[in-house]
Amino acid sequence: MWLLGLPWALALLVTVASSGPSADPPDPASIFADLSPEELRAVRTFLMGRPELGLSPSQGGPLAKNSLFLVELLPPKKRSALRFLEHGGARPRREARAIVFFGAQAEPNVTELAVGPLPRPSSYRVLGFKGRRAVPFSARPMTRLEYELLHEALVAALAPLEPLLREATGFGFRNCSGRCLTFSDIAPRGLGPGERRTWLVIQRFVEGYFLHPAGLEVLLDHRDPDPRRWAVRQLWYNGRYFGDVRELAESHARGTLPLARLPEPPARQLFSSYEPRGRFSSGTPTEVHGAKVCEPQGRRYRLRGNRLEYGGWSLAFRLRSSAGLQLFDVRFGGERVAYELSVQEAIAFYGGHSPAAMQTKYMDAGWAMGASSYELARGVDCPETATFLDAHHLLDADGPVRFRHALCVFELPTGVPLRRHFDSDFQGGFHFYAGLEGRALVLRTTSTVYNYDYIWDFLLYPNGVLEAKVHATGYIHATFYTPEGRRYGSRVHSHLLGNIHTHLVHYKVDLDVAGSGNSFETMDIRFENISNPWSAGAR
């Protein structure tokens, strides 16, 4: 996606306070802690200084270069971590995972490296994949540089369509001031290995531009590392396909093109904006505060670096740049119940009539879900009483960048008793009533991946229940409405189709109930028809 003034999401870690000379030994949970800004800089400095890698700065320059894309913690192997945690073994070697784009060589590829030992790295090794397969350069994630070049190429290629776009939408790409067009890109970028051609959805750049498609979708081939060789391969406008820009422009010039004329967006209360508006029919006031969370006697949880303790719970956590929240060494009552619980991937498959809609199959880790965690708003994203934690990122950047309040922790009344019983005497009275308030501790972050905002929660309950929860909010991924599109979605506004789609959210769950040598099985119930032993002839 190209967005004017868009801040780029960069790789992430939870900030941990540094220890002074007389500090206690580091908490064992710190073996799972994300890399500090100093460690991120040390890894980058070490790799940039290796002449055989030939690395260039991430920002600027050509696409065909060797550059460092991502640096994040490489967690220790489970076996060595448990030796340290359980048996007093040696502290595991601390290492970083680095992703390098090798674009300036005969066979361009993407390579993952393990770099260590930290905090003063002195060596690296290649992290290979099964079958020793190389990741092709064409399969790399998008970078800020490529988005900038993609925008330039699109503006140049669509110059002949400027009259069409101005007439139909009132917006354009050139000399547009506050009436500009933008685009969203979809994935995958092709139909087979080695391709890198992307359908771009042209949109009016207003608040909630995801809901303002202009009716034009463009297939741009950007596989070649030289942007001068990029080209538009096909276009779709208002339900029709065109082989090139010239064909569409000439159809408009001849007056044979059915234009999709969009109404002028209002200056206020645009339907896609977050501007509060409207009243409840019940008369519920909207200008006063609703219920709030409070801690009348202070916080009941404890944070020590990346160690979180609450009730019988104790765990280590991190915010992995590539995928998001991870929990390690999860214990209840001092006994480990899980070695790891972590977000792995969020996938969305779409259907539609337009080429962008039918091609969309998002795998959001490709946009670094963990590194898309922007500042949480106190009182909205998290209660005012929450503890907020900063994060640092080193993704597609030339150094770590701090993101304020990327995570929060808070205790939450559930509104339902943890347990309760009214013991009736069946004579209009009772023997006793007993109940326990329901509460949970919440560890939260968000991922804003294009239009979607995922809210990721891990909830700890005092009865030994742990819940993983995700909320999807933000904007829908929508395309331009055509009558044919009704087969694949719902018309949600005059020129807007809400496309049919499904979400798949993947977690890794490594349970260590009663030790690490356990197994997992599912059980089902079936109906059994037997003779009734206390009533002859009945079944």
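From the backbone N, Cα and C atoms, a Cβ is placed for every residue, glycine too.
TrEMBL annotations:
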- 1-19: signal peptide (SIGNAL)
- 38-123: domain 'Copper amine oxidase N2-terminal' (DOMAIN)
- 292-528: domain 'Copper amine oxidase catalytic' (DOMAIN)
- Asp364: active site, proton acceptor (ACT_SITE)
- Tyr452: active site, schiff-base intermediate with substrate (ACT_SITE)
- Tyr452: 2',4',5'-topaquinone (MOD_RES)
Intrachain C-beta neighbours of Tyr452 (active site, schiff-base intermediate with substrate), sequence separation six or more, cut-off 8 angstroms: Ala348, Asp364, Ala472, Thr473, Gly474, Tyr475, His477
Tally of residues which DSSP labels helix, strand or coil - the domain 'Copper amine oxidase N2-terminal' (38-123): 21 helix, 27 strand, 38 coil
Asp364 (active site, proton acceptor), number of other Cβ atoms within 10 Å: 22
